[in-house]
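These come from TrEMBL:
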DOMAIN    14-103  domain 'PI3K-ABD'
DOMAIN    185-287  domain 'PI3K-RBD'
DOMAIN    324-478  domain 'C2 PI3K-type'
DOMAIN    500-678  domain 'PIK helical'
DOMAIN    748-934  domain 'PI3K/PI4K catalytic'
Amino acid sequence: MPPSSGELWGHPVMPSSVLVDCLLPNGIVIQLGCVRDAPLNVIKGNLWREAKKHPLFYLLGDPSTYIFVSISHDAEQEEFYDESRRLCDLRLFLPLLKIIEPQGNKMEKILNSEIGLAVGVAIHELDEMKDPEVQDFRRNIMQVCKECAELRDLEGLETQALFAYPAEVETKNDFPSSIEKKLDRGEIILCIWQLANDGADQQKLTVRVSKDAFPETVVAEAIGKKSKSLRMSREQQIQLIDEHQKSFVLKVCGTQEFLLERYAICQYKYIRHCLAKGEIPQLCLFSRREVYASLPENTLHIPSYMRRTLPNPPTGNSLSLWQLNNLFRVHILWATYVNVRDVDMIYVRAGLYHGQEPLCSTKESQQVPFNSPKWHQWLTFELNLVDLPRGARLCLSICSVTKRKKREEHCMLAWGNINMFDYRNSLLTGKVSLSLWTVPKGMDALLNHLGTTGSNPNKDAPCLEVEFDRVTPMILYPDSNAVEEYGRFVTSIPIVGTSLPTDSAKTTSNIEGLLEIQAKDPLSELSEQEKDMLWEMRHVCCKKVPDALPKLLEAVKWNSRDNVAQMFLLLNVWPPVAPETALELLDCKYADPSVRKLAVRWLDKSLSNDTLGQFLLQLVQTLKYEPYLDNELSRFLLKRSLLNKKIGHFFFWHLKSEMNNPSISLRFGILLEAYCRGIGGHLKGLLRQVEALDKLTKLTDVLKVKKDEPLKDRMKYLCESVSQSDYVDALQNFTSPLNGNHTLGSLVADNCRIMDSAKRPLWLIWKNPDPLGHAIQPLYSIIFKNGDDLRQDMLTLQVIRIMDSIWLNEGLDLRMMPYACLSTGKDVGMIEVVRQAKTVYGIQRQGGKLAAIQVDSTQLHKWIKEKNKGPNMMLPTGIPELQSVDDIGYLRKTLAVEKTEEKALEYFQNQLFEAYGGAWTTKLDWFFHSVKHM
């Protein structure tokens with residue numbers, strides 16, 4: 001159920017009044033006149049009053065015993081349990097409603113309906129899937145939900161509040177010197193507000209506390225200072241503090257951020273942010289009882305599929321892969337739906353890969369006419385089955401051959417990848433039908449070995465039929481005990497010329513060489529000599545240079561079970577690596593499930609919530625490289641998301657934004673379902689966000705259709721639309737997707753506008769409904785964009801955010817303001833408006849039209865000097881989009897990754913000078929940009 005651009009099939013906006021055909025349980029059809037924004041409960045009431053005038057009314061029961069059902073845009077039958085939903089939000093195929101008595105567990109159906117709305121996938125579609133891997137994953141992942149629900153309830157309301165309002169702190173105790181200088185004799189000045197009469201009475205006082213004071217100390221100081229103003233005795237003051245200190249908590253004014261955990265006040269990010277800007281932090285005394293009262297019920301409903309009996313997995317005799325002694329081969333049978341013209345012949349290309357590494361040479365079938373794609377040919381690879389690694393995948397493609405005068409042109413038409421072992425460790429045997437994927441734009445290779453595994457769900461896609469050797473007993477990859485035993489056997493065999501050096505000076509030299517290899521960036525390739533050295537020194541790596549593990553894994557010959565078994569034996573004793581190294585091990589080139597599982601376990605122990613939040617975007621992308629649905633990374637991310645609402649908030653949106661991608665929609669859909677089940681009552685808040693964004697998407701879709709109309713007419717339509725009751729309800733009092741601590745109150749319709757950039761984004765302004773919103777931010781300004789992929793923007797801003805964090809920890813405050821940006825769907829998202837900011841074009845325009853199109857920086861330089869009277873300077877920069885592997889090389893060269901510190905400094909100085917004095921391509925681009933907006 002993805003967001004639709006239309007409220008009714010064929011109508012972007014449903015007519016203000018519509019005739020709805022209502023089919024009653026007594027067989028009577030009533031045509032009912034309804035307004036587009038009528039809630040279902042109102043429609044039901046009107047329908048029952050009308051039904052009294054028709055025959056057989058006595059056969060009808062009480063209205064509350066019935067629900068509406070209809071057909072949605074997706075040709076799916078949908079039951080509507082939430083009768084507060086409006087007619088225009090049902091996404092009906094036709095204005096037709098059927099009234100039925102619901103069957104089954106009503107509470108579970110209501111929850112499934114809500115989860116379906118939040119995720120964008122009807123839950124019954126998952127229920128109907130017969131794939132054992134899907135069924136097992138859904139059941140197994142619910143165990144993570146149960147464990148997290150128990151942990152959140154461990155200490156009752158206290159731990160539930162810590163989930164809902166997690167501490168946003170710097171985990172490092174080091175206080176940046178740039179902020180330390182701004183303290184007043186080592187103390188922090190705080191403004192503490194107190195509310196009474198539902199916020200009507202607002203009082204504030206100022207306290208001074210040590211930077212190492214805990215929040216409860218600040219509360220005590222505030223109560224003590226308040227009691228002094230009441231002229232209480234010292235004993236009375238102490239008694240008052242003792243009675244009320246634990247009854248109050250600190251809340252950041254204007255937000256839903258609470259300082260609940262016992263961290264030093266200077267570790268809270270909000271406090272540091274204020275100190276860095278030279279501002280006094282604004283906090284509020286808030287009743288702990290009210291915090292607990294705001295928490296939704298921590299319930300976990302166990303779905304019915306958990307109670308169903310699954311068919312038993314295959315049992316009986318099995319054979320170890322290592323008992324086989326023949327070469328790997330695949331039988332290429334035929335293909336269907338290969339729609340291609342203007343080519344001479346087609347053939348199948350096949351290769352065995354482990355991550356990015358080919359395990360042996362690729363094979364090609366014979367060439368056949370494109371209109372008769374039948375081969376019936378066995379392709380035999382130069383790889384013995386005993387050497388097939390656990391993470392092996394067979395990569396296949398259908399390629400075309402077009403003969404030119406002096407050459408042949410080969411082109412990949414469609415591709416697909418298959419894991420050679422299923423999620424139960426069983427080798428693939430027998431016939432397999434693989435629906436293929438379209439070739440990514442710009443890909444010239446003849447195999448897509450890094451693409452997803454499994455079939456394309458599109459039934460019209462080309463389908464390749466292949467067959468593997470049929471073996472009667474099930475073939476299993478050896479278990480860990482067998483692998484380790486073989487590893488000990490291989491290790492015990494003396495190999496001439498591979499003994500470790502005994503000379504200490506030589507050993508030291510080798511360790512230095514290992515450190516040099518480890519220091520290489522992850523994108524650089526290792527030479528064969530470096531790989532040989534790493535393998536020979538693998539035990540030294542384990543003891544002395546554990547963070548060289550990624551490089552050592554690149555040196556492993558994955559097409560040799562001797563190498564693999566020895567490596568696994570070593571992994572059992574490998575010491576924990578740094579979080580950055582563990583993150584690197586989740587790259588697509590490390591395909592072995594055991595390696596990836598070990599990396600995640602190290603991350604779980606070492607990665608703080610703050611650091612996890614910084615890298616969450618990459619970790620969600622990394623899920624695409626997991627070979628199976630059920631994996632350690634999915635469990636880790638779900639667990640941390642269900643124990644920290646801030647992480648969960650962005651985990652949800654990072655997954656949901658890519659649900660339109662068919663290659664990962666099943667994996668992400670199941671994870672989203674589990675998250676929605678796991679958060680219990682907090683699901684209501686997510687639904688409000690999804691509903692609001694769906695409304696804004698529909699609105700901008702209509703405005704796109706009207707793009708050629710005068711701006712005045714489009715602005716009138718915008719204001720009229722957001723003033724309608726359905727938009728008013730949907731677009732007020734919901735959590736901001738950009739920041740889970742911000743609540744967007746009522747929309748200030750008169751101040752909203754359509755921006756003049758290419759995609760016509762909306763500039764939207766909401767009031768801050770918090771009684772103390774005026775103390776920090778009375779209004780929230782957000783840009784809603786429909787038509788641009790914001791993931792590149794998110795990546796760029798994330799890099800800036802991480803770099804700013806590093807600089808601040810080093811005492812360097814560069815006054816960076818990496819604004820919030822979030823992709824929420826296909827080419828849909830939100831951008832935070834930076835207050836009091838100006839675009840470069842806006843600054844240029846202040847000097848008139850000629851200044852706007854001038855190709856030097858005179859006007860910009862003048863503006864900077866006006867705003868900064870001192871000798872400071874601000875230098876803008878830009879980051880190109882990543883479109884191909886070549887762009888990685890460009891970035892490595894641009895960022896001087898392989899240069900020494902001195903050479904890199906000289907290089908960057910030259911680049912900055914060129915940007916200021918040259919860079920004609922950029923200036924020419926700005927010239928045309930300016931002309932376009934005149």
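Placement of Cβ uses the backbone N, Cα and C atoms for every residue, glycine included.
Predicted automatically and left uncurated, TrEMBL annotations should be read as such.
What you are looking at is a predicted structure, and each value in this text was computed from that prediction instead of being measured.
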Legend entry - Considering the domain 'C2 PI3K-type' (324-478), which listed stretch of 14-103, 185-287, 500-678 counts the most C-beta pairs under 8 Å: 500-678
Legend entry - Residues of the domain 'PI3K-RBD' (185-287) by DSSP state, where helix covers H, G and I: 40 helix, 34 strand, 29 coil
Legend entry - Mean predicted confidence [pLDDT] for the domain 'C2 PI3K-type' (324-478): 94
Inset, instruction - Using DSSP, break the domain 'PI3K-ABD' (14-103) down into helix, strand and coil residues and give each count. - result: 21 helix, 32 strand, 37 coil
